[in-house]
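Comments concern the structure below.
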Amino acid sequence: RKKVFIATFLIFTLASVVCAIATNFWLLIVMRSIQSIGISAVLPLASGVISDIYSPIERGNAFGILYFIYWTGPFLASIVGGYITQYLGWRWIFWILAIFGGAILFFITFFLPETFNTNSLKSNPSHRFNPIAPLKLFKYPNITLIIIYICISNLLNHVQNISIPINFSARYNFTSSEIGLFFISPSLGYMLGSLFGGKYSDFLSQKSLLISGDYCPEVRIKSAWLGSILIPITCFIYGWLLEINFNVYVLGILLFLCSFGMAITFNTLSTYLVDSCPGRGASVTALACLVRLSVPGIITIFETSIEEKLGVRWMFTLISVICFLSILLPVVVYINGKKWRSNFVITF
């Protein structure tokens, strides 16, 4: 895993430098894509490290800390990003990213130990690098259904990120720095929801282990119910209040609660995916990241058009209904997951 960490941060850092000195729009777009390719591997790799060094009943809290730090990035960016753009210019965003990327690359190179057991690779050549092997996990229904649910809930996150700058600049005359500060609310929700979700899912797992003497990954799904209910309710209310230009602070509280719910479900179900695929934590996380980022990313291309046709109120109503109906997916996995897992063996 260490070699891949080094390669990804090297790509990210170099691409950030080129973005900072880009002289035309198309070079900036291409290098932003390369920059994203570099950094996209970090979350699956970190998930793999956690699966290497933590026992199943401790992983929820470990993932909670991971995602807390993961969401600290948007939190800090929301505070300083707007001001950097407004007072220093957009190029400095990439210079700062390049500096941070270079610093992290240094520490990984000289201080991060290797956690992956390479003995299995030496004994079984079929286990060696195959970039499309994680796609085989789609044949397992519990994994597929959970990834679809994560994808649907993450769609709301993408829509919010696009909708907030457009609506709050038009409806409330927010500047870029004020919009950045407004993102503190959902960022805090993600951070605190990650910690709560991790602690709570570990609590339920340890309680189940004490009662039954056996650890069942599906127990973690129970800790996602609170978040899965919060998401559609707060999303629905937010859309209707935004339509009438309601109080900004109330909208901020709703976004906090919605993000809190999304973080709980994302943390809990991501940990479930890792627990369901022993030794393949990085692969299943990479597959989940592929779906949850690419599918909503494609759909949000049409976000502005959908919002213009339906209006803010009905667009968020539609998303709320979809999120509410999709709760059936983890419910089905909670009921049938143990039986499904007993019938498959991961062979790659």
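Cβ atoms here come from the backbone N, Cα and C positions, even for glycine.
Unlike curated entries, TrEMBL annotations are predicted automatically.
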### Task
State the residue range annotated as transmembrane segment by TrEMBL; the candidates are 39-58, 179-198, 279-298.
179-198
## Note on the structure
For the transmembrane segment (62-86), the distant same-chain contacts (Cβ-Cβ under 8 Å, at least six residues beyond its ends) come to 43, 46-47, 50, 54, 92-93, 96, 175-184, 187-188, 190-191, 194-199, 263, 266-267, 270-271, 274
### Message
Cβ pairs under 8 Å only, please: of the recorded stretches 92-116, 137-159, 219-242, 248-269, which one is richest in them relative to the transmembrane segment (314-335)?
### Response
219-242
